[in-house]
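Grabbed the feature section from Swiss-Prot, which reads as follows:
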- 136-162: compositional bias 'Polar residues' (COMPBIAS)
- Ser63: phosphoserine (MOD_RES)
- Ser210: phosphoserine (MOD_RES)
- Ser271: phosphoserine (MOD_RES)
- 136-191: region 'Disordered' (REGION)
- 49-58: motif 'Nuclear export signal' (MOTIF)
- 211-214: motif 'Nuclear localization signal' (MOTIF)
Amino acid sequence: MSKIFVNPSAIRAGMADLEMAEETVDLINRNIEDNQAHLQGEPIEVDSLPEDIKKLDISEGRSKSLVDNPQDVECRMSEDFQMDEVEDPNIQFQSYLDNIGIQIVRKMRTGERFFKIWSQTVEEIISYVGVNFPSQSGKTTENKSTQTTPKKVKTEPSSTPAKRSDQLSKTEMAAKTASGPPALEWSTTNDEDDVSVEAEIAHQIAESFSKKYKFPSRSSGIFLYNFEQLKMNLDDIVKEAKSVPGVTSLARDGLRLPLRCILGWVGSSHSKKFQLLVGSEKLNKIMQDDLNRYMSC
């Protein structure tokens, strides 16, 4: 019988990806609960109302008004019927996000990378929101057009459309400058770029977290050292690794990173044990050689 050996670093990377997926689902559910906090109020009990309000008979006034206007009865009945058929879009959106979270966890278990899954999920969520929650830009234009005076419309009918378009363009430009860049463009240019770089660096470091690398010692020999001996969180190691020249560009392109150079960089600034063992002059030369070799590939 042949035995199958599983690399512990692969298990750690998979567990970290699953934790990130679970945290993402929890964050989405928490945001939905915060947005629906106004819908979770307790109902008002009739017994807790004052005595004067209890004595009011609402049915009489309502029946008289309905009898006087039979057309209102039909309109209200039709409106109530239409409102019953329409479901709350927030509830549909919450169920949609729950299904998205389940799909993310399933894809993570198959071995796909978290950033690839998350980028596709973001596009799906944005398209869903754009279809089911359209912006109300038409209402703003109608309100602005009604503010024009009738005198200008009568005297200068040809110039009013141009003025209105100029006003709308100015207000739109002012709104854009005040609110900053659009959410989609901002996320694709900055947030997703940083997240992809950090995810790639964390993935490669996690794969070789227990691998030992050779470093020159003070006693003209060598010693072995790995990322586990740093006793640091993976997030802190990633932040320090981004300050190494050339690492960010390599991670953005999905290329292999000089992990020994990163380990030497982080260890020389955050590990006293590493500082006591390593020969600083030879370490600088090795780190520079590793960077040149990986950048030239």
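Backbone N, Cα and C define each Cβ position, glycine as well.
Can you walk me through where each of these features ends up in the structure?
Under a cutoff of 8 A between CB atoms, and with a sequence separation of 6+ in the same chain, the neighbours of Ser210 (phosphoserine) are Pro8, Ser9, Asn226, Phe227, Glu228. Ser210 (phosphoserine) carries neither a helix nor a strand DSSP state and counts as coil.
Annotation note: Ser271 (phosphoserine) sits in a coil segment as assigned by DSSP.
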